[in-house]
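Participant: This is the structure I want to talk about, given as structure tokens.
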Amino acid sequence: QVYVGSLSRLYEALSIEASKTTTAEEIVDCIADKLLIKDGVCYELAEVMADGDGGQDCKERRLGPQEFPVSLQLLWPKREGSHAKGGVGGVGGLVSAQNYKFCLRRKMQTMNWSWSWTDSNDKLIRDYFLRFLYQPRDREYPDLCQLPDLTEQTLLENLKARFDKGHIYTYVGSILIAVNPFKFYPIYNPKYVQLYQSRRLGELPPHIFAIADAAYQAMLRKRSNQCIVISGESGSGKTESTNLLLHHLTALSQKGTHGSGVEQTILGAGPVLEAFGNAKTKHNNNSSRFGKFIQVNYKENGAVHGAVVQKYLLEKSRIVSQVKSERNYHVFYYLLAGATPIDKEEPLDQTNS
Ligand SMILES: Nc1ncnc2c1ncn2[C@@H]1O[C@H](COP(=O)(O)OP(=O)(O)O)[C@@H](O)[C@H]1O
Ligand SMILES: [Mg+2]
């Protein structure tokens, strides 16, 4: 049985007769025939594992054209006490665990993106965009779980190979690894916000927006709190990643509605907090010198209601002394930059300072 998603209005899934030696390519051809899809070559099969409640927390792996889906299906864990009653046309005659299934997916490199590009550097962004969407699967793995031979060395080599091609994000299942590029990639513009909305994790190349989207969708579906933990050494990109997550979470909230303005307040609070709590260090020009717990609250309809930021352990000693080649908190430099020449000349009033 292959789930066809939005490709058919009539069927959720199609039953295909297949043997252990039927290839994925043959099954895709067969479905294309049944659904009268002309561009059948643009599709491939994916093996999808959903979480227990059949929701959208999925992991999936694309099948190569020459893989044998029936043989794969025989490896799926079987649901206890569920022996075949013929199944629903199940391939191989066994009813497999409910949370495993095959889905038809559009091949990524042949996706036909039709947006209107209005910026002056359209071509640059479009080229980058298409290159980003095309991620080779034979040498680089977008999900480390797919590595045929998983050792520390193969893991690092894979991350490096991806990084060298400009792919800074890699999944490990539902975890995202971000390697700080220290340069700007045009992968955070509104086109990407739109692209990553309501997609399953793993459906598109790894991206920080996919993580925000998965948490948002899971919150709406399960009606329970979701948590994203960001961890890494100083300068690894935690603060930037947090800002990108907030950016996407607030963009999702504004979808289809007129934002209440609270989204802008949440995003606007970032630079103010950073002025008082971030400073230049040897490792990072914008190092956060405090810990943060950010809680974004939503209304029932998925619109942002407000946010609470708790701070921990601000490095207070920095206010009175800093080690060589480090600086005090940004806010003091901002004050000086904004002061008139006369203000700068005047000594600080000790009684008011
Ligand atoms: N995704 C990214 N793209 C481009 N540059 C980044 C990215 N993440 C981090 N950086 C760069 O690295 C610097 C340090 O990142 P930051 O988030 O402040 O690290 P951390 O909070 O982990 O100490 C940033 O000022 C920025 O220049
Ligand atoms: Mg930081």
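For all residues, glycine too, the Cβ spot is worked out from N, Cα and C.
Copying in the features that TrEMBL gives for the protein in this structure:
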type: DOMAIN; residues: 1-109; note: domain 'Ras-associating'
type: DOMAIN; residues: 139-353; note: domain 'Myosin motor'
type: BINDING; residues: G232, E233, S234, G235, S236, G237, K238, T239; note: ATP binding site
Participant: Tell me, roughly as an integer, the mean pLDDT over the domain 'Ras-associating' (1-109).
Facilitator: 73
Participant: In sequence order, which same-chain residues at least six apart have a C-beta under 8 angstroms from G235 (ATP binding site)?
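Facilitator: Looking at Cβ-Cβ distances below 8 Å from G235 (ATP binding site), excluding near sequence neighbours, one finds N180, H283, N284, S287.
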Participant: Least buried of the binding-site residues S234, S236, T239, going by other Cβ atoms within 10 Å?
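Facilitator: Selected from the binding-site residues S234, S236, T239 on minimum Cβ neighbours within 10 Å: S234.
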Participant: Select, from S236, G237, T239, each of the binding-site residues with a Cβ positioned under 6 A from at least one atom of ligand 2; if none does, say none.
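Facilitator: Once distances to ligand 2 are taken from each Cβ, T239 fall under 6 Å.
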Participant: For G237 (ATP binding site), just give me the three-state DSSP call.
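Facilitator: Coil, per DSSP.
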Participant: Using a 10 Å cut-off, grab the number of neighbouring Cβ atoms around the Cβ of G232 (ATP binding site), all chains included.
Facilitator: 13
Participant: Please list, in sequence order, the residues in the chain of K238 (ATP binding site) that are at least six apart in sequence and whose C-beta is under 8 Å away from its C-beta.
Facilitator: I230, S231, G232, S288
Participant: Taking the mean position of the Cβ atoms of G232, E233, S234, G235, S236, G237, K238, T239 as the ATP site, which residues outside that list, in the same chain, have a Cβ no more than 8 Å away, listed in sequence order?
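Facilitator: Going along the sequence, the neighbours appear as N180, N284.
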Participant: Using Cβ atoms only, which residues of the same chain lie under 8 Å from G237 (ATP binding site) while being at least 6 residues apart in sequence?
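Facilitator: Long-range Cβ contacts: A178, N180.
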Participant: Taking the Cβ of E233 (ATP binding site) as centre, how many other Cβ atoms lie within 10 Å?
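Facilitator: Taking every protein chain into account, the count is 9.
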